[in-house]
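This report refers to the structure that appears directly beneath it.
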Amino acid sequence: MALQRSNLEEFLTQTWAQRGLAACMLLPVSAVFGGLSALRRAAYRLGLSKSERLPVPVVVVGNIFVGGTGKTPLTIWLVHVLRQAGYTPGVISRGYGVHNDVPQAVTPQSLAQEVGDEPLLIAYRAECPVMVGRDRVAVATALLAAHPEVDVLLSDDGLQHYRMARDVEIVLFDGRGAGNGWLLPAGPLREPVSRRRDFTVLNGAADAPGLPPDAIRMQLVGMTAEKLNDRSQTSALSSFAASDGKHAPTILAAAGIGNPGRFFGLLRSAGLQFEEMALPDHYDFADNPFAHVKADVILITEKDAVKCRQNEGLRNDTRLWVVPVTAQLDGALAEKIVEKLRGRSIA
């Protein structure tokens, strides 16, 4: 396929998976990066830099491994479980590609290029107040002013935004674990694996290198596909596979997410055979990458769907089907988070 991940992305993926020569050559730069990060954390810990506490509890969902690990599905799951616990949650986010200093509300009708694809997906799926902007504290303050009913805030990413005080930190990893365990740029980590947090969540793997044994397992489950131009029209993923002597349709699976292999693996687990198109993360779909694709069915992620709907040519392409995924986690995590928010501890 013409539109594929860059050679640099592939190189970094391979480099960060092992402690090879290329990674070793970058260790001096990683030492500088790590030292500066440690000084910044120490400044907040010692009170030299001030963290601002908001009038409602704050839960931060983030990762220290660069790239996608599944934060958005986890954030949507948290919105639902907190709502079930009696809270009225709101979500704040940086918003990929957002350059506006003024906090901006996100609705399902917002443009992805103005608010970011992940916040747009959260607004669409979670049906709660969502705002984006570069300054998390300003965004949170604006959201609370616009929605005084909100009594807990979820920060989609923002783990390193220390100026915003938080009550709960959830750090998410996937099957890549900690990679080679080194900090950027020699490795994939923004901070050491040993950094303090309240909960560690592992997405889509029974175990991963370099992670604590008490990590809470998360699975992304997707069993159906929905027509992009009519999401009331659904079909089981298994219906796209060959069966009873019938030939399966030719399928293209496309993903512009941080870890497209996870999406492709989900489709394979449903028994599908397909050609892969791994697009760059946050691919904007301003141009139609499927215009010259000869396939009967094109399966895409929800994150890509919010952008495809805003391109008329893609919106009218009847071959496009969206595969929604839902996070499944141990219910004990929800209980522990709620207890922590209420100021009580669990033995």
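The backbone N, Cα and C atoms fix where each Cβ goes, and this holds for glycine too.
Now, the feature entries from Swiss-Prot:
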type    : residues                                               : note
BINDING : PHE65, VAL66, GLY67, GLY68, THR69, GLY70, LYS71, THR72 : ATP binding site
Note = The sparsest Cβ environment within 10 Å, among the binding-site residues GLY67, GLY68, GLY70, is found at GLY67
Message = Long-range neighbours only, meaning 6 or more apart in sequence with Cβ under 8 Å: which ones does THR72 (ATP binding site) have?
response = GLU118, LEU121, ILE122, ASP156, LYS303
Ask   = For ATP, what surrounds PHE65, VAL66, GLY67, GLY68, THR69, GLY70, LYS71, THR72 with a Cβ no more than 8 Å from their Cβ centroid?
value = ASN63, LEU172, ASP174, GLY258, ASN259
Query = Near THR69 (ATP binding site), which residues of its own chain have a C-beta under 8 A away, given they sit six or more steps off in sequence?
reply = ASN63, LEU172, PHE173, ASP174, ASN203, GLY258, ASN259
Request  = Using a 10 Å cut-off, grab the number of neighbouring Cβ atoms around the Cβ of LYS71 (ATP binding site), all chains included.
outcome  = 23
Inquiry  = Among the binding-site residues PHE65, VAL66, which residue has the fewest other Cβ atoms within 10 Å of its own Cβ?
reply    = VAL66
